[in-house]
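Engineer: OK, Swiss-Prot features for this one:
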- Cys129: active site, acyl-thioester intermediate (ACT_SITE)
- Ser160, Ala161, Gly162, Pro163, Gly164, Thr165, Arg166, Ala167, Asn168, Asn287: NAD(+) binding site (BINDING)
Amino acid sequence: MKSKAKVAIIGPGNIGTDLMIKVMRHGTHIEMGAMIGVDPKSDGLARAQRMGVAISSDGIDGLLALDVFKEIDIVFDATSAGAHKRHNDVLQAHGVQVIDLTPAAIGPYVIPAINLESENAPNMNMVTCGGQATIPMVAAISRVTKVHYAEIVASISSKSAGPGTRANIDEFTETTRKAIEQLGGASRGKAIIILNPAEPPLIMRDTVFALSDPADQGKIEDSIAQMVASVQAYVPGYRLKQKVQFDVITADKPLNVPGVGLKHGLKTSVFLEVEGAAHYLPSYAGNLDIMTSAALACGDMMARRRMAAGIARGHKEAV
C-alpha cells in the first residue's frame, strides 16, 4: 500500500497542462486535486475538467474557495515570476508547500540530478528549462576540477514557448546564471536563450562551455556520462548530441572571460539535446518536458516526506 497526496497546479498553459498529465500518469506519491487559471476559456482548464479534475478560473482566490483545497498539500505554480510572490504568500499561510516553475526563485534552486534529496524548503524553485538541461553538466565538471566560468546557450522551438516563457526572458537569464554558480559550482555564470522559429520545429538543443583548471579529460568525460544517466532517469529524452570536446588554453594565449579577466586552463564544450515525451505538446518541446519531469520528481519527494512526517493535510491510500 502507498499513499498519495493531492496537488494543485496554478497556470493551465503549456507547462501546467503537461505537468497535469504527468502527475496523472506517473505520479508515485501525488495525484491531481485542482487546476487553476484566470481564463474561463483556457484549453488547459477545459482539458482538466474533461479529465475529472476540479477547476477554477478565479486564480489563487478560486483555489482557496474550492472544497478540495483543505486536502491540498503541494501547489505547482506555472504562472509568472511576477504573480508567484502573492501565490506563495497565500499558500505558505495555509501550510502548503510550493514548487515554483517560474523564474521568481523565492526558495532554493532544485535540480533533481544534483540536489533533490538535500532540499526540503517550503518553496522550491525549479530554475528554468535551460538550467535543468545544462547545469548538471557544469556540476559534473565541477566534481572533477574548479570551474572558473560557465556559459550555457539554450535553443528552444518558438512554438513551445508560451506567453509565460516570453514574458520571463530577463528573469530566465538571471535565474539561470545564479543557479549555474550556486548549483553548478562555477565562479561566474552566463545564460543565453534562443527562441528558434524554424519550421518544422526543432527539438531543444543546449550548449555548455566551461573554463576550468587543468584536469584529467577522461575523468571529466566519465563524470559527465554519469550525470547524463542521472538526468535520463527522469527525462528519458535527454542525451549528449556528440562527444565532449576539450581545448587546452595555454598561459601565453589566455581567454578574456567576462567578469573574470584573463584565464587559461581547460575549456570543455558539451552539446546536448532534449526530446520531449509528447504528453501534451509534440516531442520537439523538450524544454517543457525537462521542467515538468523535474517538477514531478520534486513533488513526489515532497509528498513522501510530508506523509512520513505525518504533516500531510489530506491523502488517500492507493494500491
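Backbone N, Cα and C atoms are what each Cβ position is placed from, and that goes for glycine too.
Set these features in their place in the structure for me.
Structural biologist: Packing around Cys129 (active site, acyl-thioester intermediate) is summarised by its Cβ count: 30 other Cβ atoms lie within 10 angstroms of its Cβ, all protein chains included.
The secondary structure of Ser160 (NAD(+) binding site), as reduced to three states from DSSP, is helical.
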Engineer: Counting other Cβ atoms within 10 Å of each residue's Cβ, which of the binding-site residues Gly162, Gly164 comes out lowest?
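Structural biologist: Result for the binding-site residues Gly162, Gly164: minimum number of other Cβ atoms within 10 Å at Gly162.
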Engineer: Using the Cβ center of Ser160, Ala161, Gly162, Pro163, Gly164, Thr165, Arg166, Ala167, Asn168, Asn287 as the NAD(+) site position, which other residues in that chain lie within 8 Å, going by their Cβ?
Structural biologist: Gly13, Asn14
Engineer: Taking the Cβ of each of the binding-site residues and counting other Cβ atoms inside 10 Å, which one has the highest number: Ser160, Arg166?
Structural biologist: Ser160
Engineer: State the Cα to Cα distance, in Å, between Ser160 (NAD(+) binding site) and Cys129 (active site, acyl-thioester intermediate), rounded to an integer.
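Structural biologist: Rounded to a whole number, the Cα-Cα distance is 11 Å.
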